[in-house]
Amino acid sequence: MQRHMLKSKIHRAAVTHCELHYEGSCAIDEDLLEAANIVENERIDIWNVNNGERFSTYAIKGERGSGMISLNGSAARRAQLGDLVIIAAFAMIDEQELKAGWKPDLVFVDEDNKIKGSRDHVPTQNWT
């Protein structure tokens, strides 16, 4: 059996560009793509923390080191500059890989979309 699992996440990145008339996609700083293990043309889901919008598109390379998160085409209507978004990619993982210790790549960024940390799991949520 295979399970649809979180593979990659860029957490709380700020939208830097909204390009309505650019061919659809999301341009992401190449440093962030590599850190999160997202490849060009891979399907991504984007969740807007500010307004609750959730949508899918595909990733393209943004200028390395720029902090770019550019929503292009119709995706540009789903956010405003400065909105915080979570960018996620999923993969089908078989039971053997899961039992062998497969883990996702989670990337956390600062207010300039520079990497401030990473980890391979989502912590257990507690009632506090």
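Think of each number as a place in line: the chain as shown, counted from 1.
Here the Cβ of each residue, glycine as well, is placed from N, Cα and C on the backbone.
Annotated features in Swiss-Prot:
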ACT_SITE  SER25  active site, schiff-base intermediate with substrate
MOD_RES   SER25  pyruvic acid (Ser)
BINDING   THR57, GLY73, SER74, ALA75  substrate binding site
ACT_SITE  TYR58  active site, proton donor
> At the level of the C-alpha atoms, what whole-angstrom distance separates SER25 (active site, schiff-base intermediate with substrate) and SER74 (substrate binding site)?
Replying inline: 9
> Within 8 Å of the Cβ centroid of the substrate site residues THR57, GLY73, SER74, ALA75, which other residues of the same chain have their Cβ?
Replying inline: GLY24, SER25, CYS26, PHE55, LEU71, ASN72, ALA76, ARG77, ARG78
> Least buried of the recorded positions SER25, THR57, SER74, going by other Cβ atoms within 10 Å?
Replying inline: SER74
> What Cα-Cα separation, expressed in whole Å, is found between ALA75 (substrate binding site) and TYR58 (active site, proton donor)?
Replying inline: 10
>> Taking DSSP as the reference, which of helix, strand or coil describes ALA75 (substrate binding site)?
In response: helix
> Cα of the residue listed as 'active site, proton donor' to Cα of SER74 (substrate binding site): how many Å, rounded?
Replying inline: 12
